[in-house]
Amino acid sequence: MEKNYRDEAKSPFINNTAGNRPTILPTALPLMTYDQYLVFNMCVSPITIVICTFGIFSNIINIVFYKMGLTSASNISLFLLAIADAFSVCAILLISFQDMFDDSHLPMKMGDVALLTTHAFYFFSAMCSWITTVISMERTCCIIYPMKVKQIFTPRNIYAMVTAMVIYQIATGLPKSLATGLTTTTSPLTNKTITIFDFTKLDRYMYTTSQFISFSVPNLICFIIVLVATIFFIVNFKQSRQLRKTMSGSGEKSDKMSDKDARLVRLVILICIIYIIGTAPNTVVFLVQATYRPLNRADPYLGNFYLALLVITIWFQDTASSVNFFVYFGMGSKFKETFK
C-alpha cells in the first residue's frame with residue numbers, strides 16, 4: 001500500500017498541493033490509443049505495399065520517355081518525374097515493412113530504419129512536387145507565350161532547373177539528417193551491438209526547421225502553383241474547344257490549339273489533378289499543424305492520431321506516384337506505340 005501511494009505521488013496527473021492527500025485531476029484519454037494506431041497501421045500497410053510494388057514497376061515502364069527521346073521539355077520533365085516517383089515509392093515501401101519482420105537479428109531496428117528512410121522519402125517527394133510544377137509552368141507558357149516557350153524551356157534549362165532543385169533539397173535537408181541522434185547500444189535480446197535512435201541527442205530545433213524549409217514550404221508553394229495552373233488549363237481548354245467549334249461551324253479554322261497540343265494539355269491536366277489529390281491531405285495537415293500547435297506526435301492527446309494522419313497522407317502520395325502510367329498509356333499515342 002505504501003508503494004502504491006509513492007507511485008501515485010509521482011504521477012503527473014496528481015495534485016499534491018491540497019494538504020497531504022493526493023487529489024486526482026480529471027484527465028482526457030487519447031483520441032487514438034497506441035494500440036489502435038498499431039491496428040490501423042497494420043491494416044493500411046499491406047495495401048500500401050501492394051500499391052508500392054505496382055508503383056515501382058509502373059514507373060520503371062514510364063522510363064519509356066527515354067526511349068522516345070529526351071529532345072523536348074515535356075519528355076525530359078516526364079522522364080525525371082518517373083525517376084523521382086520511383087524512388088519515392090521505394091522509400092514508402094521500405095517504411096511500410098517496418099512492422100512486418102522480426103528485427104532482433106538485425107544491426108538496426110526496422111522502426112529506426114524507417115525513420116531514416118523518411119529523409120529519402122521527403123527528398124524525392126519534394127522533387128516530385130518541383131518537377132510537376134515545372135511541367136505545369138511549361139504548359140502555361142505554351143498557352144500564354146507560345147512563341148517564346150521553346151526559348152525558355154529548353155532541355156538545357158530544364159536540366160539546370162532540376163539540378164538547382166536537387167542542390168536546394170540537399171542543402172536544406174542535410175541539417176535534418178545531421179541533427180538525427182544515432183548511437184550504439186547492446187541489444188538485451190541478442191547481446192550484440194546495434195544502432196538505435198537516441199532522441200535525447202536529437203536537435204529538435206534544427207530538425208524541425210530543416211523539415212519546414214526542405215519539405216513543408218516547397219510542397220505548399222508547389223501545390224498552390226499547380227492548383228492555379230490546373231484551373232487555368234481547364235478554363236483555357238474549354239474556351240479553346242468552344243472557339244474551335246464556332247470556327248468549324250462557320251467554315252473557318254482556328255490555330256489557337258492544335259490536336260497535338262490539346263492532347264498534351266489534357267495529359268498535363270490529369271497529371272496535375274492526380275498530384276493535387278495526392279498532395280492535398282499532406283497540405284491540409286501541414287496548414288492545420290501550423291495553426292494548431294497541439295497537433296504533433298509528442299502531444300499526449302493527439303499524438304497517435306497525428307501519426308495516423310501521416311500514414312494517410314503517405315498513402316495518398318504513394319497512390320499518386322503510382323498511377324501516372326495509366327494516364328500516359330491512355331492519352332499518349334506515341335507513348336503507347338513505344339511501349340508496345
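Each residue, glycine too, has its Cβ placed from N, Cα and C.
Small disclaimer: the values here were computed from a predicted structure and weren't measured.
According to TrEMBL, the feature transmembrane segment maps to 38-66 (among others).
Taken from TrEMBL, the feature domain 'G-protein coupled receptors family 1 profile' covers 55-328.
The transmembrane segment annotation in TrEMBL covers 78-97 (among others). Residues of the same chain lying 6 or more positions beyond the ends of the transmembrane segment (78-97) and with a Cβ under 8 Å from any Cβ of it are 45, 48-49, 52-53, 55-56, 59-60, 62-63, 65-66, 70, 110, 113-114, 117-118, 120-121, 124-125, 127-128, 131-132, 135, 158, 162, 271, 314, 317-318, 321-322, 324, 328.
Here TrEMBL flags 117-137 (among others) as transmembrane segment. Beyond the ends of the transmembrane segment (117-137), by six or more residues, the same chain brings 74, 77-78, 80-81, 84-85, 87-88, 91-92, 94-95, 158, 161-162, 165-166, 169-170, 173, 176-177, 180, 211, 214-215, 218-219, 222-223, 225-226, 229-230, 233, 268, 271-272, 275, 279, 314, 317, 321 to within a C-beta distance below 8 angstroms of the stretch.
Annotated transmembrane segment per TrEMBL: 158-175 (among others), in sequence order.
The transmembrane segment annotation in TrEMBL covers 212-237 (among others).
If you look up TrEMBL, you'll see 264-285 (among others) marked as transmembrane segment.
Under the heading transmembrane segment, TrEMBL lists 305-331 (among others).
By number of Cβ pairs under 8 Å, the transmembrane segment (38-66) is matched best by 305-331 from the list 158-175, 212-237, 264-285, 305-331.
Confidence annotation: the domain 'G-protein coupled receptors family 1 profile' (55-328) carries a mean pLDDT of 80 in the model. Beyond the transmembrane segment (305-331), the same-chain residues lying 6 or more positions past its ends with a Cβ under 8 Å from any Cβ of the stretch are 30-32, 37, 40-41, 44, 47-48, 51-52, 54-55, 58-59, 61-62, 64, 78, 81-82, 85, 88-89, 92, 95, 121, 125, 128, 263, 266-267, 270-271, 274-275, 277-282, 285, 289, 295-297, 299, 339.
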